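So that we are looking at the same thing, I have put the structure below in structure tokens.
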């Protein structure tokens, strides 16, 4: 067990905020701070929210939500309210407020559920529905959960709906976003090839970029090779929302098939920074999953110790 000290947090913060470092290395420090948890780590993460990388800022917001700590509420509320911020970052901050589930975020979520930016308004609606659902229902136990992520909507009760019915609900553009998400996560939890193919159909859904981006994220969690071609088509589509292409790129990295490496390397030159940076992170993840010597992806402390050793040797 790692004792969280100011020295460790400051070292990770230094890497996180160092614009000269590769984006993938900065992400590793971010994930390490998320895993260590606590106010010191939240402050360190928040200190990088003025970075020019929208991808990094959005990932910080995501991590703050996954920590489920009310200490991060003010930072997240400010992000949602900032109309000059990138929509992807505002969306992630709103989703994080839903993940934390505090009543003090209700006012902001309700106010911005009519935001002119659709990704923001839909996420606020989704987050409100999540908070209201958990006010009336017991959360899943850790034993019941198949994935450790704090999801923006709970799956439906296991066995209560057939796979075909779930697919129908998931693809029904007339259904509200919360219930479509519930069907999405139910398909994820089934996790067989037919469910993965049903999810891949969602990448072609034109009713919601928010839904498509969540599909890509979930396909990364599932790591099923049958999703490689649909994800490849998605990330290559320059007309697609950058938020969706980003998730598709990182999903390909999570699947960690060496056949996707040339594609990801090519897209390092993509004109959309969110996509090119996502491909750099995806390649780092692919390398990790294909390197049996690696133990933990969020290895910021290991990197920090190695840096300190080098510094000492140079003195």
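Even glycines carry a Cβ here, placed using N, Cα and C.
Grabbed the feature section from Swiss-Prot, which reads as follows:
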type	residues	note
REPEAT	23-52	repeat 'HEAT-like PBS-type 1'
REPEAT	56-82	repeat 'HEAT-like PBS-type 2'
BINDING	58, 246, 247	Fe cation 1 binding site
REPEAT	89-115	repeat 'HEAT-like PBS-type 3'
BINDING	91, 92, 213	Fe cation 2 binding site
REPEAT	179-205	repeat 'HEAT-like PBS-type 4'
REPEAT	211-237	repeat 'HEAT-like PBS-type 5'
REPEAT	244-270	repeat 'HEAT-like PBS-type 6'
Counting by DSSP, what is the helix, strand and coil composition of the repeat 'HEAT-like PBS-type 4' (179-205)?
24 helix, 0 strand, 3 coil
For the binding-site residues 58, 246, which Cβ has the most other Cβ atoms within 10 Å, all shown protein chains included?
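When each Cβ's neighbours within 10 Å are tallied, 246 tops the list.
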Cβ within 8 Å of the Fe cation 1 site centroid (58, 246, 247 excluded): which residues?
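For the Fe cation 1 site, the extra neighbours are 55, 59, 88, 213, 217, 242, 243, 244, 245, 250, 274, 278.
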DSSP on residue 91 (Fe cation 2 binding site), three-state: which is it?
helix
Around residue 91 (Fe cation 2 binding site), how many other CB atoms lie within 10 A of its CB?
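Its Cβ shell of radius 10 Å holds 31 other Cβ atoms.
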Between the Cα atoms of residue 213 (Fe cation 2 binding site) and residue 246 (Fe cation 1 binding site), find the distance and write it as a whole number of Å.
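Approximately 8 Å lies between the Cα of residue 213 (Fe cation 2 binding site) and that of residue 246 (Fe cation 1 binding site).
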Restricting to the repeat 'HEAT-like PBS-type 5' (211-237), report the mean pLDDT as a whole number.
98
Looking only at C-alpha atoms, tell me how far residue 91 (Fe cation 2 binding site) is from residue 58 (Fe cation 1 binding site), rounded to the nearest Å.
8
Whose Cβ lies within 8 Å of the mean position of the Cβ atoms of 91, 92, 213, the Fe cation 2 site, other than those residues?
58, 62, 87, 88, 89, 95, 119, 123, 210, 243
Looking only at residues six or more beyond either end of the repeat 'HEAT-like PBS-type 6' (244-270), which have a C-beta under 8 A from one in the stretch?
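Same-chain residues near the repeat 'HEAT-like PBS-type 6' (244-270) but 6 or more away: 55, 88, 203, 209, 212-214, 216-217, 219-221, 223-225, 227-228, 231-232, 234-237, 276, 278-286, 288-290.
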